[in-house]
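Trainee: My questions will all concern the structure given below.
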Amino acid sequence: MKTSTRSRSDASKIPRPMNSFMIYRLEKQREIVKECPGANHRDISKIIAKWWKEMSDEEKQPYRAKALMARHEHSQR
């Protein structure tokens, strides 16, 4: 069994900022959970990934801007 040298509960570690897809997924996951409360994460991810792939670059732009802001804030820490 492989063990990590870093503790998962290391409070000093700053988590990586979310990328544009993860920001989109988080937003859309809330919508799907409201519509289908019993849906599992695997199915939710598949649905959202399909939607993301079908979106134009113009539609993805707001999420890319949010990800850029998150990266900037992360670099300031």
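Keep in mind that glycine also has a Cβ here, set from the backbone N, Cα and C atoms.
I grabbed these lines from TrEMBL:
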- 14-77: DNA-binding region (DNA_BIND)
- 14-77: domain 'HMG box' (DOMAIN)
Trainee: Taking only the residues in the domain 'HMG box' (14-77), give me the average pLDDT of this model.
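Mentor: Overall, the domain 'HMG box' (14-77) comes to a mean pLDDT of 93.
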Trainee: Quick check on the DNA-binding region (14-77): DSSP residue counts for helix, strand, coil, in that order please.
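Mentor: Helix, strand and coil residues of the DNA-binding region (14-77) number 50 helix, 0 strand, 14 coil.
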